[in-house]
Amino acid sequence: MSLEQHTQLKKVAVLGGGSFGTVIANIMAEKGIPVHQWMRDANRADEVNTQHENTRYLPGYALSPALVATTDVESAVRDAAIIFVSIPSPSFRDVLRQAKPFVTSEQYVVSTTKGIESTGFHLMSEIIKDELPDVKVGVISGPNLAKEIAQHHLTATVIASEDEGVRALVQEALHQSYFRVYASSDTYGVELGGTLKNIYAIAAGLSAALGMGENTRSMLMTRSLAEMSRFAVSMGANPLTFLGLAGVGDLMVTCMSSLSRNYRVGYALGSGQSLQEAVDALGEVAEGVNTIKIVKEKSDEKEIYMPLVSGLYEVVFNGAPVKEVAGMLMTNEQSTDVEFVLPRDAV
Ligand SMILES: NC(=O)C1=CN([C@@H]2O[C@H](COP(=O)(O)OP(=O)(O)OC[C@H]3O[C@@H](n4cnc5c(N)ncnc54)[C@H](O)[C@@H]3O)[C@@H](O)[C@H]2O)C=CC1
Ligand SMILES: O=C(CO)COP(=O)(O)O
């Protein structure tokens, strides 16, 4: 479908009834675009349609009365110009398969999910291409705490796609007075940025719970950026993407806000809870927990130097004391600040 044909957005679909799916759907409903949000829970759909609230994931936030929720995936997806998929990574492929019989090659499919499929290291854009090889694909990512968007705090995101039409249409669909959408062609880098920062948000929550200071937090965030861009570049991403909203922008918000679920998991661990207790208390997805494991495995396999990931893995999954791990990181071999300026092996 050409861009001209798309410009009147007659219908958009959002798959997922959680906090992010709901705010993305609501942004478009508020500007008059017909939005069909698919969710599996019939009571929740009924609540969105009649009370205009999602009390499980966004309690206390009024939703647009124009937002239509449904449990029928066919009616949600059929004839939608864009299908946003906002489903946690472990279920992403399964939900795409449910939608697949009703999706045509003219539709655009855009992931909002910040995670990696555990078997085979697939990002969500790769799963879309795998399951729906004929559609055009995009991802959105950036510093986008759902509850702040629901309150209309000024926010920006990135639409990344190799296809100009996808980028333009998503900008048109999501742009709002409080929501600005920037474009990128580095799909893999933007997607990895959103995914990897969840790991470091857990580390930031841990260090906050242990009363570490602001110097520590700045060091942690900056070295996290160095580590995540090193990993992403070795996987084929553009390092400059990490200077943008989907890199440093998302890293900052997630490492600094207690609204981040990943940060909260880290904080709970640092306060003495077990991983199971921390995850159970959250009741929502914290993608970073699985991502630590998946990225640790991949970095070991590809021999990518990721001391923060290795240390965090020991803390989260093997019960290593944080202070001991932090001590080891501080006494590691000497290194360089920005390795794209002075390579690591130059010291
Ligand atoms: N909440 C946020 O602030 C942001 C979240 N994201 C990303 O968006 C993705 C979705 O996150 P949230 O909406 O926040 O998660 P959430 O935990 O709030 O909700 C997850 C939703 O997915 C549904 N779901 C899970 N498995 C399902 C299945 N098999 N079939 C049907 N529905 C299923 C749940 O019922 C729930 O409605 C995550 O990857 C997250 O990292 C991205 C930006 C911001
Ligand atoms: O990705 C997010 C903000 O950009 C949300 O982070 P959490 O999944 O940690 O809540």
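Positions of Cβ are set from backbone N, Cα and C atoms, glycine also.
Remember, TrEMBL labels are computer predictions, not curated facts.
Note on Lys197 (active site, proton acceptor): other Cβ atoms within 10 Å of its Cβ, all shown chains, come to 32. According to DSSP, Lys197 (active site, proton acceptor) sits within a helical segment. The active site, proton acceptor annotation in TrEMBL covers Lys197.
Every protein chain considered, the tally of other Cβ atoms within 10 Å of the Cβ of Ser19 (NAD(+) binding site) stands at 23. The NAD(+) binding site annotation in TrEMBL covers Gly16, Gly17, Gly18, Ser19, Phe20, Gly21, Ala146, Arg261.
For Ser19, Phe20, Arg40, Tyr57, Lys114, Ala146, Arg261, Val285, Glu287, the entry in TrEMBL reads NADPH binding site. Counting only same-chain residues at least 6 apart in sequence, those with a Cβ under 8 Å from the Cβ of Arg261 (NAD(+) binding site) are Leu282, Glu284, Val285, Ala286.
DSSP assigns Arg261 (NAD(+) binding site) to a helical segment in the three-state reduction. Summarising the annotation, TrEMBL assigns sn-glycerol 3-phosphate binding site to Lys114, Gly142, Lys197, Asp250, Ser260, Arg261, Asn262.
If you look up TrEMBL, you'll see Lys114, Arg261, Asn262 marked as substrate binding site. In three-state terms derived from DSSP, Lys114 (NADPH binding site) belongs to neither a helical nor a strand segment and is classed as coil. Lys114 (NADPH binding site): 30 other CB atoms within 10 A of its CB, across all protein chains.
Feature annotation from TrEMBL assigns domain 'Glycerol-3-phosphate dehydrogenase NAD-dependent N-terminal' to 11-164.
As annotated by TrEMBL, domain 'Glycerol-3-phosphate dehydrogenase NAD-dependent C-terminal' applies to 186-325. Broken down by DSSP into helix, strand and coil, the domain 'Glycerol-3-phosphate dehydrogenase NAD-dependent C-terminal' (186-325) contains 110 helix, 0 strand, 30 coil.
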Original post:
If you draw a 10 Å sphere around the Cβ of Ser260 (sn-glycerol 3-phosphate binding site), how many other Cβ atoms fall inside it, taking every protein chain shown into account?
Top reply: 24
Subject >> Distance from Ala146 (NAD(+) binding site) back to Glu287 (NADPH binding site), taken between C-alpha atoms, in Å >> reply: 15
Original post:
Given the recorded positions Gly18, Ser19, Lys197, which lie close to Asp250 (sn-glycerol 3-phosphate binding site), meaning Cα to Cα within 10 A?
Top reply: Lys197
Subject >> Close-lying binding-site residues around ligand 2 among Phe20, Arg261, Asn262, where CB distance stays under 6 Å >> reply: Arg261, Asn262
**OP:** Return the single residue from the binding-site residues list (Gly17, Phe20, Arg40, Ala146) that has the minimum number of other CB atoms within 10 Å.
**Re:** Arg40
Subject >> recorded positions near ligand 1 among Lys197, Asp250, Ser260, Asn262 (Cβ under 6 Å) >> reply: none
